[in-house]
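According to TrEMBL:
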{"type": "DOMAIN", "residues": "B:25-473", "note": "domain 'Amidase'"}
{"type": "ACT_SITE", "residues": "B:K79", "note": "active site, charge relay system"}
{"type": "ACT_SITE", "residues": "B:S159", "note": "active site, charge relay system"}
{"type": "ACT_SITE", "residues": "B:S183", "note": "active site, acyl-ester intermediate"}
Amino acid sequence: MSVDADTVRRVARLARIAVTEDDVPAMQNELNAILGFVEQLSEVDVSGVEPMTSVTPMEMKKRVDGVTEGDRASDIVANAPLTEDNFFLVPKVVE
Amino acid sequence: MTDLTGLTIAQAREKLTTKQISAVELTEAYIGAIEAANSSLNAYVAVTPDKAREMAKASDARIADGNAGALEGIPLGIKDLFATEGVHTQAASHILDGFKPRYESAVTANLWADGAVMLGKLNMDEFAMGSSNETSHYGPVKSPWRATGSHEDRVPGGSSGGSAAAVAARLCAGATATDTGGSIRQPAALTGTVGIKPTYGRCSRWGIAAFASSLDQAGPIARDVRDCAILLKSMASTDARDTTSVDREVPDYEASVGRSVKGLRIGIPKEYRMDGMPAEIETLWQQGIEWLRDAGAEIVDVSLPHTKYALPAYYIVAPAEASSNLARYDGVRYGLRVPGGNLAEMYENTRAEGFGREVKRRIMIGTYVLSAGYYDAYYLQAQKVRTLIKRDFETVYADGIDALLTPATPSAAFAIGDQEMNSDPVKMYLNDVFTVTVNMAGLPGLAVPAGLSGEGLPLGLQLIGRPFDEETLFAAGSVIEKAAGSFAPARWW
């Protein structure tokens, strides 16, 4: 399988990465080189094989559904580029 | 007085606890070494001398009070991927500009609780994506190693290139690192240092910027096997904040250093003999086999038939997980924000400017293989192949093999700016061909220096162990270390 220029633009949009028209051909070549390399996986017979979901055979740990920490709003917004009264500020979403 | 930066962690520990030297003196020696060398090597992206002095002073007070911890007064460098409270933490990326977390990673908190001293944050490939430390926003790290008679700058490997270079150049006593596909073992091998990626789940991932969560593991890079064992003991823990952290007591790894390997069965996987592998890598491997046999181990030829599929499967699984993990860098909560006409444009502009080329490439691949219509063909297939890769290891271990010996890298360090590596991403990815299998199967792997190439550059061997049997790796690794000797670069910086 190989990707065309439209697919590169669509994937970039899904990934929320702005690309210029100048970026597209190089990106397309690189993606196709990588996809060409991983193509060999299709020759492996995986019939009856379960996909790996956990690398160590252990049950997912669960914790009690309770509050363990909180009241740290000012810490949480401390590194944000733009905040007001402990809220993150973003460009207007709803007119 | 001899240069204190020449001491291993074990030697410094001895001198500190017997009060022959103070933690402040030791820390000052490293601060001086960093000031003299960092403009040449670019191993540190942030140096924290005030914090180091303060921590060293507190260490001296605890030593005086008889309350010394296991790493009391030992100056360490920390990979920029670990969150350190109030200190530069950017995964060597532009997108985390100015990020100073309000919390401490589990691994570094464990080190400070044992008395270690932080010297600063170490350079790395951006978000740990790379094998040469050339993808860093802060520029490449230069290896302290050069080919005999050459002035050409070599890479230290990656992604933990700053960690490996700083340890090799004696700019820290030891360093933290992380390994998703070989990022501890490959740079260790290329710089003549020792690095261990422990079993998945041994070190908490809490507070480490995530790349590929099912593969990421923290571990140390140090000057010798014993120092690695000492550091891993302090780094490893059980942590309720990481659901994959394992409920197992941390063994006294240092006790296994120098332990006999008599009767151990060491497997030699035939699939690691690759086409086009340089003769000196093959020779090194044979030498390692001889050393272990001479020490009483039994050498057994084994087969891991799915080895060749590990790297392609990795380049689906790791980018898929990365594309999801790196979705959080959106210009809202931390780091860089580049304005746009609306919210979506702000996201797109921020991520276009904030991520480097390799990171964007991997996010794009990950997004593509997870997108509707391709998920089964790529991602699901890769996860099934991953099951087969793990099964290969389980089969040889069930047959009574205790550990495997392989080369660590397919070649010695290449030059910074190598045309072939930089024009073909797949060529760069092949650096991890011997190490990536271990991450796919969640196993422990140790890289130990075993000799020099014809050009005079370090080469390493890799030992792969059973799950949570790091001790056998330390035992076998110390056999190789004892036979091979230690390797230090000639100072040019």
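Just so it is clear, glycine is given a Cβ too, placed from its N, Cα and C backbone atoms.
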Taking the Cβ of B:S159 (active site, charge relay system) as centre, how many other Cβ atoms lie within 10 Å? 35
Provide the number of Cβ atoms within 10 Å of the Cβ of the residue listed as 'active site, acyl-ester intermediate', excluding the reference atom itself. 37
What does the structure give for the C-alpha distance between B:S183 (active site, acyl-ester intermediate) and B:S159 (active site, charge relay system)? Integer Å is fine. 5
Do you know offhand how many angstrom separate B:S159 (active site, charge relay system) and B:K79 (active site, charge relay system) by C-alpha? 10
Using DSSP and collapsing to three states, where does B:K79 (active site, charge relay system) fall: helix, strand or coil? strand
Can you check which residues sit near B:K79 (active site, charge relay system), meaning Cβ under 8 Å from its Cβ, same chain, 6 or more apart in sequence, and list them in order? B:K121, B:L122, B:M124, B:S160, B:G162, B:S163, B:A175, B:T176, B:A177, B:T178
When the pLDDT values for the domain 'Amidase' (B:25-473) are averaged, what is the result? 97
